[in-house]
Each structure stands twice: as C-alpha cells, then as structure tokens.
Amino acid sequence: MTGRQKLRNGTWIIPGTGERSQRQFTLRAPNLDGPGDGDGMRSLLEQETMGEKLRVLTHNARVGAYDAWVWLKSEKGKGTLKCSVAYLFASLWTFYPPFARFLGPMDGKHIVATITVYFHPWRTTGSQIEAVAIAVVAVLYAMLVGTLSMLTSVVVGSSWHQVKLSYALILLIFIGGGLGFIGWVKQKLNNPLVSVGVSIASIGIITIVTKENSVHSGVFSNQKIVQSLKILLIATTITTIVNLLLWPVSARIALRNTMRKASVSLGDMLSTVARGFLSGAEDNLGCGGFAKSAAAYNVIMTTMNKNLRESKYEYYFVGREEVYKNDKALVRSMERLAQSLGGLRSAANTKFELLEEKTNGGTFSGNMSPTKINSPTLGRSTSGPLKSGSKIDLLSSIDEAPDERSDVEDDPLPTLFREAPPSLASGGLPPDALRTPSEIFELFITRLGPSMKSLVHTLSQILQDPPFGAPGSPITVNEQYKQSVEEALSLFNSARAKALEELYRIIELDRSRPENVQADYEEVAAACGHFSFTLLSLGDEMQRYLDSLDDLEYATEQNRRSWNFLKFWNYIQLRNKQAIQDPEQDPFIKPVKSLRRSALPKGIPDDMMKRRDSFSWDAAPQASQFLRNTSQRLLKLGRFLATDDIRFGLKVGIGAILYAMFAFIPQTRPIYQHWRGEWGLLSFMIVCSMTVGAANTTGFSRWFGTLVGAAFVLLNWWISGGDAIPLAILGWLVSFGSFYLMVDRGNAPLCRFILLSYNVSSLYAYSLSQQVEDDDDDEGGIHPIIKTIAWHRVVAVSMGILWGLIICRVIWPLSARRKFKEGLCVLYLQMGLIWKRGPLAILLRNDSTGTYMKVGEQEAMQRYANQLQTLRSAATSEYELRGPFPAEAYGRIQASTQRLLDAFHAMSLVTQKHGRLSTGEKALLYHTAEERSQLCARTCHVFQVLASSIMLEYPLTDAIPSVEGTRDKLLGKIFRFRKGYDDGGEESTGEPNGNGNGKSAMMGTVTKVPNLGTVTIEETDYALLYAYALVTGQVAKELKNVEKEIEGLFGRLDEDALLLQ
C-alpha cells in the first residue's frame, strides 16, 4: 500500500464497571528483555594509569559487595543460607561430643548431615511434609530389610549351621529383592523426592547388610537399627525446624504467585497475537514476540504445576481440601486458555502463510477474461497486480492510532478506497476495487479491527488483573467481569457478522474473475473468518475461566475444614462401587486418561503389542487350543516381566547381587572392607537410571562431585589440623558453595555428590579420631590418614559408577534415543488416527455439535509431547559409535509437532463451537464427502509413513503421497459446485459421493440436494469448508517440514538405488 494506515479505536467494555468507552488504548508489547545492566563491573584492561586501575578495583569491589548483598536478600540467597545452616547444625552431631554420645559408640554419625543434604530445607512447607514422609518410609523400610536379614542369618546360619545358605538367601532376597524393589519404586513413581528416598533407604540397607558384622557373624544386634532411627529423627527435625522458622516458604502462597504471573503472561500472549494479526507484522508471532511470551509462560506453568502438587499436602494438612480442588480446576482452566491461544496463533499464521503462498505464485491481471478451470491448483494460483508494480508486498502494516481523539471517527476504508468517489463509502465499490488478497485482509481489518482490538483489550485487562491473594485471604472477583465479557463478545460477534457479510458481498461484486482468482479471494476471506471465530472461542473459554474463579471464591468464603482423605474406608467403598456394572450410571463420553506428569512415554501401546503376540495363532486356527492358551499365558507373563519398570527393578537387583557378593565371600570380604565397597554399591544404586543417557549424566556428576569433595577434604583437613571447630566452619563454607550450585545454578546432583563425598571422608575421619567402634585400623584408627580415607572413597565411588554404567548398558539397556523415537512414532500414529475421523464428518451425525476429538484427548497428546522433551534431553547424553544424537534436528521436528497440535486444537474449536449446520452447509459437506474422506485418509497415511521412517530410521522415497494435491481437489470440487459444473458436465450430483442427480449453483440460487429438499446456498456457508481447508493446509505444511528433517537425517531413496545385496 502507499501509506501506513492508522487503526481507529472502537467501543470497548471496561471490565471492572461494564461501561462502554472510546478512550484511547494500544495493545502494547510486553517487556521480556529484563532490566539493563546499569553501572556494573568495569574492565581493568581498559585502564592505563595505576590510579585509574585502583579506582576501578574500588568500584568493582563496591559493586560486587552490593550485588552479593542483593543476592543474599533474594529468594535464592535465603535458600542457600537455609541449607547451609541446616548442614552446620547436622554436622554438630559429629563434632560436638554430647551430641555424638547420644548417637552411640558406632560410626555413621555423618549420615545426619547426609540426610540434611538430601532432604534440604530449601523447599516449600508442602514439599517438606512430603519429604519427611518419604524419609520416614525409606528408613523404616531399610530397618525392616536389615532386621529380617539379621534374623535370617541367626536362624539359618547360627541355628541351622547353614552359613553359605544364609548368605545366599540374604543376597537373593534382601540385597537383590530389597534393592531391586526400591529400584522399581524409583522408576515407577519417577519423582525426584522418591529418588532421594531410595538413596537414603539404600544407605541403610547396604550399611546393615554388607558392612556390619552382625549379619556375617549370625548375631542379632539392634544397635545399628536404634542409631538409624535416632539419625532419622534428628535429621528430619533439623530440616523441618530450619524450613519452618528461617524464611518459611508456603506452597500455597507460591501457587497463588505463579497463578498471577501465568494470568498476566496469558494476557501478554493474547495481546501479542492480536497485535501481530492487526498490524501485519509476522515477527510478532515468531521468535521476537509470541515465542518469547510462550517460553516465559511455559516456565511459569512448570513452576505452577510443581507448586500445585506441593500445595496439596499443605491444603490437606490444614483441612482445606475443597480449596485445593478448586485451585487445581483453575490451573487446568489456565492450561485450556493457553491451548486456545495456541489455536489462535495457528489461525493467525494462516494469514501470513496464505499471503505468502499467493504472492509466490506471480501476478495476474485483474481485467483478464474468465477462464473455465475444472480443477485449479490453489497452492500455485496467482493473485493480482500490485501497486508498486514490481516488488511483492504481502500486507502493508496497519498501525494503531494512540493520539487520535475519541470524538473523531477515522475513515473506515483502506487507503485505496479513500481515493474512490464518495459513493463507495456506502458500499458502491467498483468491480476491480479489490485487486490483491492483501487488500481483502486490509478491508477486513478495517471493518472488524476496532471491535477485535476492543475485545482483546477487554480480555487481556481481565487476565492482567488477577484476583489471587494469599491463601485464606478473600478472593475478590469483580462480579462485573462476566457481564463485561458477555457484552464484549456480543459487540464483537455483531461486528464480525457484519464485516464478514460485507466482505463476501464485495468479493461477489465481480464475477468476471477467473475461478482460481475468485478462489484466492474466498480462501483469504475464510482465513479472516477463521481467526475471528477462534477469537470468539477464546472468549467462551474465558467465561469458563471466570466460572472457575467464582467456584474458588465460594470455596474460600465457606472456610470449611475437612480431612476426608484420612477416611480410608471411602477408598474401599469406591472400589466396590466400581465393581457394580450399571449401564445407566456410565457416562456417555468417557474422558481420555492423560499421561501422568511424572511418567515417561511408554512407547508401543499394549493393544498393539497384544495383536503382535496373537496374530500368528489367529492365522493357525487348526492349532491345539491347549497349546495356544498355555503359550499365550506364558507370553503374557513374559510381557509383564518385560515392562520397563519391572525390568529396571530386576536389573538393579541383579547388579546389586553381583557387586555385594564380594562382601559374603570369605576370600574377598577383606578387600571389600578395605576399599569401602559399601560406598561403591551405593554409587551403583544412585547411578542406575532408567535410560542409558540418564545413567551417563548421573555417573559423570557423581564422579566429578566425588573428586571435588575429596579435594575439599584434603584442603580443610590440612587447614584445620583435624580440630572440630575449624572443620565445622570450613565444612559450612563448603556446604554454602555446594548449595549455591543447587539453589542458584540448578545443579542439585553435583551439590549432593560433593557433600556426600565430603561427609564420608571428612566427618567420618573425625569420628574415627573420637574412638568409635569400627574396623578402621587400615585408615589410621584414632589418628586417621586423611589421604587414604579420601583415596578409598574415590576408588569405591569410581568402581560403583563404572559398574552401574556396565549394568545399564549390558543388562536390558533402555536407550533414551529408542524411547524417544518410539514415543514420537506413537504420537504421530495417534494424530493420524484422530485426523482420519474427519473433523467435519461429526457435524453430519444427527446434527452433532461436538468435536472430532474426545474429551481429554488434546491434553493427553500435549502432555505426551511435553514428556518427549525429557527423553530428548536424556538422549543427548548417550554416546554411540554412530555419533551423537541429532538433538537440533529432532528439536525442529518437535517444534513442528507442537504447531500440528495447535492446528488440531484450532480445528477442534471450529467444530465444537460451530453450532447447528445450515442446510447450505449440509449440502456442501455432502457434496464434498468423498474428497474430505480422501484428504483425511491421505493425511493419516502421511502420518503413518513419517512415523515408520522415524521408528525404523529408514530413508524416505520421493513417492510420499501429497496432502496438498488432495486438498486442491477438495477446493476444486467446491469451485465446481459454485459454478454449476461437475466432473462430467453441468449437472451437479448433490450426492455425498457426487454420483446422483441435482443442480448446484452460485450463491443465492436454488440447489436441490437429496434428503435436504430445495435449499439456498449462501456465501457464508462456504466459510466452514474453507476454514477446514486452511487448517489442513497448515497440517500439510508442517508435515512437509517434518519430511524435510527426516530426509536430512536418513536420506532419500531414488529409483536407481540397489537394495538387494
């Protein structure tokens, strides 16, 4: 266009009062860059004289001290101090003699500090409740296994004099079974706190069973059990007191804070998408605008879900179960709002993709004579001459007018219409008034832009003013919000209908255009309608969000307390109720069960595996029925034992037996004791992870942390000379630096491993100097040799790490690469099957107003895709001779997958909110049934081909079916329906398959369709099909992007390839 237009403001609803206003406002971009550096550190290299360097040093010291003070006052600084203070108190039970005597004469007092490291106090109160519960269960389980192992040794070894048998039973049952079971629990729950509890339980089991002499001598002793219970009580008391008294953090307050941030972030995302659509600036939807807002929201959403889970323990503890349930419902409502925003972004992207598609095809003359085209290829159709004559301009930018007066109405027509005679303002447009698709967009934005901008402003104002306060404080939801949203939606819906009606009327003024050009215009008009409709659906979702707010406000005002979760008999009754089969009580629509947030994608589903296991028997009906049943039962048992969590538990148990057996062989037990094999076995338990990549990552952190911890041991012992007070202070400094790595840098494993290595060397060495009961002569006894102690720990840990990596690689190795590929393959298969249902076919089923996606299916696929990110991260740490994992390429594939999910959701909104079909829409859907069926089948086919290529790592061929070609056939069928031509002539079938008798004509003419009678086809009836075609075009584009990435990874086969070798 020749100039930049100014978009006037329309009437908008003030959310708080419901008043209509024409005050000026803009949809401003959120500031995501953060504050500037200010007057920070200065470089010494840039200074010339000594005086300048001294001034710079003084300035840098002042700045550094100020930054350190600011950091100490921050949440992360307080968290680091909390953890280090708890560690200092825990270490006193080793250094302070009265405390040490309370724990008894045995060694192992350093485990108090170890538990405070694992269950550190830098957590919310809800997480602390969970941590204490897990620690209690872990220690009690370890005591149970230890007690039973000693009883076995006493009964079998001493009473029956079967020492070797007792050793075998202890190894198989209590080492293999006991450690294998907690390995299974670790994998099954996949919870960081549970993993920490597994480590604590492993310390207790390994110490009692393999290190202490009670099991080996066949004598029952409760000294270690009593000491372990004391250690648990002291450590949990220290962490709990520090957690509650020193800068306590409530998960409920943190949840409300993140809910506020998420609400504001959603408002920013909404403004960004609308501003990008209205201004024509595609960068707003790319990496510069929406992507940054979405990335910030994803971080907030992850934290919010974590706070939600932890707040559950606080709410249940104080008897606020109903408030928690409503908090959870509100968080899920926010997730649905984010999904709707993803659909809105997908609808906005169709605008830019469509304009780019049309302009890339070249130009055409608006005055050229019409040409009969039976099946035009819209993806390559031409658009029209541009005013610049040479350079293609997709869409001239339309700016907001921040300085305009509310009492002055701008000319609502685009620049090209301002040059027309006055009669055009009333609708008398010349036939060639719209010469390019971009001008259609400009006309639409000029007509609906003010109302769209006003609706977005009203919705974003509500989102950016969240009513969440501290838990227990009143939640004041403005009662006017609902009415304001309803009125804003009513105004927008009215303006939308008028704008689309005028848009289609103007398009129909010139019927002399070629069919492919007319199709371009109609497709662009459908894109406008699609975006406005998706925005309307977002407004409906906002109303449900306000309903959730009302429910939370009501639950907060009731202030009722209940502890129904303690009524265990309710769970028993629930199971009995579920056993009763009452068809009348079954829901009509059963929601799809979503993947647990902590669970990893399983890969190949059970139904598919069941079919693979039985098709051979199905193909041989003459086979023995007894043999078939027996084989199927054995296979079913084998499949159960072959599940990932069961195999992981078995793998851990086998590895623990093979490592711990050296503690029970008389010839190797001295070597096991000398090199502290118990710490190697513990390292094996820590390193063993579900996937090889996770084991590699944990193993490196464990080994590096051990080296760093050993270095600090030698340094601190040399400085302190083995005295208690200097060792306690220096240990506090080491803990402060380690907890800084965990709290501020997010590297919790390295922090734990540094301090674990420090504890088992430095604190253990001081315990030896206090004449504890331990077989420690090889390490100096009351005069500990610190170098020997540190060296033994480093060797033991290294051997345990190496053994863990060998077990994870040799025994049933589970590659994160393979799990990722299986998960991505299954996701694509699922998406293909969902699309094959036909997004529009459901609308013809008894006037259904539902959606082609089942309840919960969108959330399930989204959560599945999110969990694939975890597997992709773990796969980067797997080393293979074939080379490193192509994380960047698969990252781009996942980005395309996310856009596919957004397109699926956008299409779901179209079908869910469309309402009842008009007779004209039914006629169109019946007439295009065959083409739509082929298009859905073709899309499903492409999904399956891509899934197979990813799973098998096979190259693609150049014969992959094209979705775009089938889509063009659908559009061609629509055009022929318009013009009155069928495949063989002028008679239109009207049958679903196109083979009946009937006539189809242009808008406003009469068309006879079977089972529908005589109907009138209006122009707006085409919008639904065009919206479907637009979303299908987006799906086709992303599938092409995935195909290119797969081709870049695995190559492409041509017809000259020689495969038979």
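Glycine is treated like the rest: Cβ placed from N, Cα and C.
Curation does not apply to TrEMBL; its annotations are automatic.
Straight from TrEMBL, the features:
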TRANSMEM  131-153  transmembrane segment
TRANSMEM  165-185  transmembrane segment
TRANSMEM  192-209  transmembrane segment
TRANSMEM  229-251  transmembrane segment
REGION    361-391  region 'Disordered'
COMPBIAS  361-385  compositional bias 'Polar residues'
REGION    396-415  region 'Disordered'
COMPBIAS  400-412  compositional bias 'Acidic residues'
TRANSMEM  648-667  transmembrane segment
DOMAIN    671-807  domain 'Integral membrane bound transporter'
TRANSMEM  679-696  transmembrane segment
TRANSMEM  703-719  transmembrane segment
TRANSMEM  725-743  transmembrane segment
TRANSMEM  789-812  transmembrane segment
REGION    982-1002  region 'Disordered'
>> Given a Cβ distance threshold of under 8 angstroms, which distant residues of the chain, six or more beyond its ends, lie next to the transmembrane segment (131-153)?
In response: 115, 119, 123, 166, 169-170, 173-174, 178, 182, 193-194, 196-198, 200-205, 208-209, 214-221, 224-225, 228-229, 232, 235-236, 239-240
> Near the transmembrane segment (229-251), which residues from the same chain, at least 6 beyond its ends, have a CB less than 8 A from one of its CBs?
Replying inline: 75, 78-79, 81-82, 85-86, 89-90, 93, 102-104, 108-109, 111-112, 115-116, 119-121, 123-128, 131-132, 135-136, 139, 143, 307, 310-311, 313-314, 471
> For the transmembrane segment (703-719), which partner among 165-185, 648-667, 679-696, 789-812 gives the most CB pairs under 8 Å?
Replying inline: 789-812
> Which listed stretch (165-185, 192-209, 679-696, 725-743, 789-812) has the most C-beta pairs under 8 A with the transmembrane segment (648-667)?
Replying inline: 165-185
> When the domain 'Integral membrane bound transporter' (671-807) is classified with DSSP, how many of its residues are helical, how many are strand and how many are coil?
Replying inline: 111 helix, 1 strand, 25 coil
>> Cβ under 8 Å, sequence separation of at least 6 from the ends of the transmembrane segment (192-209): give me the contacting residues as numbers and ranges.
In response: 108, 111, 114-115, 118-119, 127, 130-131, 134-135, 137-139, 141-143, 145-146, 149-150, 170, 174-175, 178-179, 182-183, 185-186, 215, 224-225, 228, 660, 678, 681-682, 685-686
>> Given a Cβ distance threshold of under 8 angstroms, which distant residues of the chain, six or more beyond its ends, lie next to the transmembrane segment (789-812)?
In response: 647-648, 650-652, 654-655, 659, 674-689, 692, 695-696, 699, 702-703, 706-707, 710, 713-714, 757, 760-761, 764-765, 779-780
